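Annotation source Swiss-Prot lists active site, nucleophile at H399, citing sequence analysis. The active site, proton acceptor annotation in Swiss-Prot covers H408. Annotation source Swiss-Prot lists compositional bias 'Low complexity' at 83-115. Summarising the annotation, Swiss-Prot assigns compositional bias 'Polar residues' to 116-135. Residues or ranges marked as domain 'USP' in Swiss-Prot: 19-450. Look at Swiss-Prot and you will find 83-154 tagged as region 'Disordered'.
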Amino acid sequence: MKNIEEMPSKSQLVAHRSRGLINTSNTCFMNVILQSLTGCQLFLRVIKNLSDLEDLGKYPTLHSFNQFYTEYFSNPTSNILNNNSNSTTTTSSSSTTATTTSTSNNNKSQTPTSPIQQHHQSQTNGLSNQPSVATQSQQQQQPQPPINPKHFNDLVKSFNSKVSPVPQTTVSPHSMVQVSKKKLKLQLYNNSLPQTICQQDAQEFLVFLLDLIHEEFLTLIKDIDIPKEDDKSTPTSTSIVDDNWEVVGKKGKTAIITNSQQELPKTPISQIFSGVLRSSFNRTGSKESITVEPFYCLHLDIRPEEINSLEDALKFFMKPEIIEGYTCSTKKIEISASKSWSFESLPRILIVHFKRFAFESDTSKKLDKLIRFPTQLSLSTASNHQTQKKYSLFSVVSHHGRGLSQGHYTCDIYQPQQAQWIRYDDSTFTEVKEQDVLNREAYLLLYQLVN
């Protein structure tokens, strides 16, 4: 359970079935994150391996995901898309409107022609490795209804008290553990949002959710691996590493390494989503000072005019920043100093966040700017520039509207088994071309490490 390498092979893909998610009360920010995680094969494998675990109810978020995916992949019937020349399940272009209300589901059965329809019709118990040709009777079946993500009501309330889904008749069998967003260990910057603004931010919710699942896995692992009385080993927990150590780099240059945060323990979540950033601080007459810290989400500034692509944003992020007016603490004189970022280690799933929102007084302003991004991305670490790790895009989350508190989220998810992109807009979804995805004003990008 602790090591993701012990789980089934990556080649054993969980077949993805498209299902819409009902917007219960301005919860489109949650829906796009749930759809994105559903499109993540590594995450699906983790949750799938929890299905036979006893007392899963002790871990509220894991239990909610297990219930959610049981419903999501249940009743393997035909998942038919309307094919009025554009293969869509909705009759309106709601994905481009700035509204937080759910789009009505006006699906009508038509003859399916897309590969994903044949795949959905061939599934058994929600799992399949190869698509098959659908029969005529299967083609005439109605699409599955959208799911009400009621399992996450308590979680949404704990994330933001201003977002309160409509009460459900089903009572949760457990109480949600309250987790303050201020205590998240993996936030690399403080948004400091005014309290009067409704903080319905998909990026914040994703980091909040991953941290919550990570903490529950720590408890689960500790419960499973209870040490014996004579076992003197340290139990699984968040442990403090040495504050500083000195390393010798290229050409004999030395540097002081500092861990700015607590070491992130090994769980399936940290193994999938967590990387490590390296901050290098250089000043005249001193050794290089390096700070390393874990991250779930890479926050990239896109405000400068020269930034028009993901590659531009990454270069700007890693560009050395000259620190003006830096004074030596011992000599009390001004010296040259600079700071730069690089990757110490890269995650299996890379989450990129384009910083589109700025907050002034009690209002949020959005930067509407098209940032190009590739379907294939290559990155390297600070210690190994020669070896490029290759990533493949599988999720694009877009925000529509001028402000964070009044906008709407949609997402595009890639289904590798059918080589098809699907656009989700709450309870509706539609097949889209890759170029349509690349033309989106993306807010979040999710890339998966290849091989």
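Glycine too: its Cβ is placed from the backbone N, Cα and C atoms.
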Whole-number Å value for how far the residue listed as 'active site, nucleophile' lies from the residue listed as 'active site, proton acceptor' (Cα to Cα): 6
The residue listed as 'active site, proton acceptor': tally of other CB atoms within 10 A of its CB: 26
Set of same-chain residues at least 6 away whose C-beta sits under 8 angstroms from the residue listed as 'active site, nucleophile': A202, R356, K366, G407, H408, Y409, E441, Y443
Segment-level pLDDT (mean, integer) for the domain 'USP' (19-450): 73
